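Visitor: Sharing the features that TrEMBL gives for it:
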DOMAIN    41-289  domain 'G-protein coupled receptors family 1 profile'
TRANSMEM  27-49  transmembrane segment
TRANSMEM  61-82  transmembrane segment
TRANSMEM  102-120  transmembrane segment
TRANSMEM  141-162  transmembrane segment
TRANSMEM  207-226  transmembrane segment
TRANSMEM  238-260  transmembrane segment
TRANSMEM  272-291  transmembrane segment
Amino acid sequence: MGMSNLTRLSEFILIGLSSHPEDQKPLFALFLIMYLVTLTGNLLIILAIRSDPKLQNPMYFFLSILSFADICYTTVVVPKMLVNFLSETKTISYAECLTQMYFFLVFGNIDSYLLAVMAIDRYVAICNPFHYVTVMNHRRCTLLLAFSVAFSCLHSLLHVLLVNRLTFCAPNVIQHFFCDVNPVLKLACSSTFVNEVMAMTEGMASVMAPCICIIISYLRILIAVLNIPSASGKCKAFSTCSSHLTVVTLFYGSISYEYFHPLSRYTVKDRVATIIYTVLTSMLNPFIYSLRNKDMKRGLEKLTSRIKTQMDMLSTTQANKIHGS
C-alpha cells in the first residue's frame, strides 16, 4: 500500500440510516419532529422542577439534570443527521468527527451514571426513609453529580485519544449516522487491538458499574417492599420506581445490544439500537416520568397554567396598546 493511502483523512462520509434518495425527506421530517419533542419535553421537565417548591428534593434534582443531559445527548447527534438528510455530500471533518464522538460518549456516560444515582436515591428513600434528608443532602448530591461528570469526561477523553492515534485509509465511508466509536474503528488500517481491549475492559466496566449499582439497589428495594404488610404500601413503593425502571430497561437494553459484541459483527441492526438510546429514550423520558408520576404531573400542570396566564396577560397588554393608539 502506497504512502498516499496512509495519509490521515481530512473528512469522513456518514452513510446515514438509508442511502436511498427517496427516504431522505421522510426521515428528515420524522427525526425533526422527534428532536423538537425531545427538546420541548425535557425543557418542560426542567422548568417544572425549578419552578415548583414541592419538587425541590434530590429525586427531582437528578431528574432535571438527566433531562438537561438528554437534551445535550440528542443535540450532539441529531442536528448533523438532519443536515445530512438534505445534503448530497454528507461529509464530516476529522476534527468534527472526534468532537462529536467525545461529547456523545460524555453525555451517554453521564446519563448512565445519573440513572445509577437515581436508583441509589430510590433505595435510600424506600429502605431508609427516616435518614433520607441527611443521607441525600445537598453536598452529597453535588459530589455524586460531580463524580458522574468528571468520570464521564475522562472516560470519553481516553477513548477519543486512542482513536486519534490510529491511521485511516480509503474508503472513508462511516456506516452510521454519526461518529460512533465502533463504525469509525472499522475504517482504521492500523491495529485497533488496544482500542478493542480498552472497550471490552474499561469501557465495559464503566457501563457495568452503574448497571450493577442499579441491580443491587433494586434488589434491596424489592426485599424491603416485600416486607411491607399492606398491599397499598407495596403499590405506592413500586410506583415511585416504575418510571425509573422503564427508562433503565430502554437505555441499558439497547446499549448492551450494540457494544457487547466483537467489532467484526457490527451491522445495520446496531444503528437501530443506537436510535433507541440516543433519540427514542431521550424523547420518551419526559412522558415516562410525567405520566407515571403524580408530583411531576401536578408540577407540569402548574407550569402550563402559569405560561398560559402570562400569555393571556401579554395578549391583553398588546390589545390595550393597539386600542389606545
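Keep in mind that glycine also has a Cβ here, set from the backbone N, Cα and C atoms.
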Visitor: Using a Cβ distance cut-off of under 8 Å, indicate which of 27-49, 102-120, 141-162, 207-226 has the most pairs with the transmembrane segment (272-291).
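Guide: Per the Cβ count, the answer is 27-49.
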Visitor: Rank 27-49, 61-82, 141-162, 207-226 by Cβ pairs under 8 Å to the transmembrane segment (102-120) and hand me the top one.
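Guide: Per the Cβ count, the answer is 141-162.
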Visitor: Return the stretch with the most CB pairs under 8 A relative to the transmembrane segment (141-162), choosing among 27-49, 61-82, 207-226.
Guide: 61-82
Visitor: Counting only residues 6 or more past its boundaries, what in the same chain has a CB within less than 8 Å of a CB in the transmembrane segment (207-226)?
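Guide: Sequence-distant neighbours of the transmembrane segment (207-226): 112-113, 115-116, 119-120, 122-123, 126-127, 234, 237-238, 241, 245, 248, 252, 255-256, 259.
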Visitor: Using a Cβ cut-off of under 8 Å, list the residues of the same chain at least 6 residues beyond the transmembrane segment (61-82) that approach it.
Guide: 14, 16, 28, 31-32, 34-35, 38-39, 42-43, 45-46, 49-50, 92, 100, 103-104, 107-108, 110-111, 114-115, 117-118, 121, 141, 145, 177-178, 278-279, 281-283, 285-286, 289, 296
